[in-house]
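Visitor: For Ser53, the entry in Swiss-Prot reads D-glyceraldehyde 3-phosphate binding site, with the evidence type similarity to another entry. The active site, proton donor annotation in Swiss-Prot covers Asp95 and is backed by similarity to another entry. The Zn(2+) 1 binding site annotation in Swiss-Prot covers His96, His212, His249. Sequence annotations record features per position, and here Swiss-Prot assigns Zn(2+) 2 binding site to Asp131, Glu161. Annotation source Swiss-Prot lists dihydroxyacetone phosphate binding site at Gly213, Gly250, Gly251, Ser252, Asn271, Leu272, Asp273, Thr274.
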Amino acid sequence: MPIATPEVYNEMLDRAKAGKFAYPAINVTSSQTLNAALRGFAEAESDGIVQISTGGAEFLGGQYSKDMVTGAVALAEFAHIIAEKYPVNIALHTDHCPKDKLDGYVRPLLALSKKRVEAGLGPLFQSHMWDGSAEPLADNLAIAQELLETARAAQIILEVEITPTGGEEDGVSHEINDSLYTTVDDAIRTAEALGLGEKGRYLLAASFGNVHGVYKPGNVVLRPELLKELNEGVAARFGKESPFDFVFHGGSGSSEEEIRTALENGVVKMNLDTDTQYAFTRPVAGHMFANYDGVLKVDGEVGNKKAYDPRTWGKLAEASMAARVVEATQHLRSAGNKIK
């Protein structure tokens, strides 16, 4: 199917919220990881979200120029073509963008999509993330207001992170402490600044103990029930039931019960990067170890072209990552829930 239109993306999010499921948002860094994500969604009969971080976009731009906009646009254009071959709806998103990278990433991409919309085309991306979690909340929300207005004009949804997620994601890092929990007051201030849909739709990455990266279960205290408190606190103030569309960041190592509680309390999008990176890399490492005398020219031998052909190990990587995407759709209940 074509990349999701703004109308289809809104329908996807509405269906997820009503059905208490969420879409895996898969970080990609190449055409190969993109194909793996799309394959996983197709095999699971799940619509989904594919996203590009600032680091991913820089990598896609090539190590000569490292231009984030070029990298993101190139993969997005490729995605618009290749997605036609998959029987599911896919939304394109850009992941964490801190203040110092806005002018080199999200703002130019918003301007590009605005021009496309003015020309009668759809936006290149369906949503963008502003990560102001390192900024004071007042400054964070002031920038979010500006970006939300621009995004709305381009028919794009904005994702905002108002309080820190622990660990590190593309250079944005936070300590693991009590600041990792969004308060009802934080949520009310967000609603006051950004509205509850009338100023443009946004996704809220609230913090409930989340940590980016790899950690063992039990090392971090997740409180997904906090999302219910945030929704109820804002609903009591503004009179709108379940006002927020929540995003779950830093979910590696989460238990199925924690994920289930998050879904019951309004999460519609959950980011996956660490787990899919490992799933992609593991079979490649296995292939190299098992075929070291073929992928290397050892003791004067010439190796085995079939062993070191990137397509050989690349197919293994794609299949493994796709399987991890399928698993994610099952945990998040989006499997079998594609828009017919």
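Just so you know, glycine gets a Cβ as well, placed from its N, Cα and C.
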Visitor: Give the helix, strand or coil assignment DSSP yields for Asp131 (Zn(2+) 2 binding site).
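Guide: Its secondary structure by DSSP: strand.
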Visitor: Out of His96, His249, which of these binding-site residues shows the lowest number of other CB atoms within 10 Å of its CB?
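Guide: Lowest Cβ count within 10 Å among the binding-site residues (His96, His249) is His96.
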Visitor: Who sits close to Glu161 (Zn(2+) 2 binding site): which same-chain residues at least 6 apart have their Cβ under 8 Å from its Cβ?
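Guide: Glu161 (Zn(2+) 2 binding site) has long-range Cβ partners His96, Met129, Trp130, Asp131, Gly132, Ser133, Ala205, Ser207, His249.
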Visitor: Work out how many Å separate Ser53 (D-glyceraldehyde 3-phosphate binding site) and Thr274 (dihydroxyacetone phosphate binding site) at their Cα atoms, rounded off.
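Guide: Rounded to a whole number, the Cα-Cα distance is 13 Å.
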Visitor: Expressed to the nearest Å, what is the distance separating Asn271 (dihydroxyacetone phosphate binding site) and Asp95 (active site, proton donor) at their Cα atoms?
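Guide: One finds 9 Å between the Cα atoms of these residues.
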Visitor: Which is it, of Asp95, Asp131: the one of these recorded positions whose Cβ has the most other Cβ atoms within 10 Å?
Guide: Asp131
Visitor: Taking just the CA atoms, what is the gap between Asp273 (dihydroxyacetone phosphate binding site) and Asp95 (active site, proton donor) in Å?
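Guide: Given the Cα positions, Asp273 (dihydroxyacetone phosphate binding site) is 11 Å from Asp95 (active site, proton donor).
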Visitor: If we count other C-beta atoms within 10 Å, could you say which of the binding-site residues Ser53, Ser252, Asn271, Thr274 has the fewest?
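Guide: Comparing Cβ neighbour counts within 10 Å for the binding-site residues Ser53, Ser252, Asn271, Thr274 gives Thr274.
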Visitor: Which whole-number value in Å describes the distance between the Cα atoms of Thr274 (dihydroxyacetone phosphate binding site) and Asp95 (active site, proton donor)?
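Guide: Their Cα atoms are separated by 14 Å.
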